[in-house]
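Copied over from TrEMBL:
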type	residues	note
ACT_SITE	Asp114	active site
ACT_SITE	Asp130	active site
TRANSMEM	61-79	transmembrane segment
TRANSMEM	86-104	transmembrane segment
TRANSMEM	124-145	transmembrane segment
Amino acid sequence: MKFIKLLLASSSFIILDQVSKWWIVSHINLGDVRPFIPGVLSLTYLQNRGAAFSILQNQQWFFALMTIAVIGFAIIYYLRAKKMPILKELALLLIISGGIGNFTDRLRLGYVVDMIHLDFMNFAIFNLADSYLSIGVLLLVVILWKED
């Protein structure tokens with residue numbers, strides 16, 4: 001049952017990530033910017049050869065190994081845990097989904113498609129998988145900190 005839950009939940013997140021990337025590539029030219037919510041959010045098409053938020057450009061083997069290790073650890077931890085608070089479960093699902101979403105791009109394209117541009121602050125362009133990873137890690141850190 002736990003495996004089915006993991007499969008369904010992570011598949012939903014991954015599909016949403018991949019569909020958003022497909023839409024961007026299909027509708028926006030590389031480097032173009034389209035306002036979505038003026039002054040708040042724009043959509044653009046960027047090919048990211050680095051990690052989340054474009055750090056460590058062109059280190060594909062490093063990212064592949066790190067991604068496999070993190071996803072593997074998170075899946076094993078998720079499946080072996082007897083009882084887990086719902087927020088910890090969500091954190092692990094987000095980490096797994098975000099890792100798989102960006103890993104899929106790296107395998108298929110050799111880069112990750114980024115598209116979310118926050119207009120109100122100077123911040124890297126990112127995608128849904130980056131958001132999943134960031135929220136999942138932050139949530140997990142807070143949960144683990146509160147457990148101690």
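Here the Cβ of each residue, glycine as well, is placed from N, Cα and C on the backbone.
A TrEMBL annotation is a machine prediction, not a hand-curated record.
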Surrounding residues of the transmembrane segment (124-145) on its own chain - C-beta under 8 Å, 6+ positions past either end: 13-14, 16-17, 20-21, 44, 46, 48, 52-54, 85, 87-88, 90-95, 97-102, 105, 112-117
Cβ-Cβ under 8 Å with the transmembrane segment (86-104): same-chain residues at least 6 beyond its ends: 6, 9-10, 13-14, 17-18, 52, 64, 67-68, 70-71, 74-75, 77-78, 112, 127-137, 139-140, 143
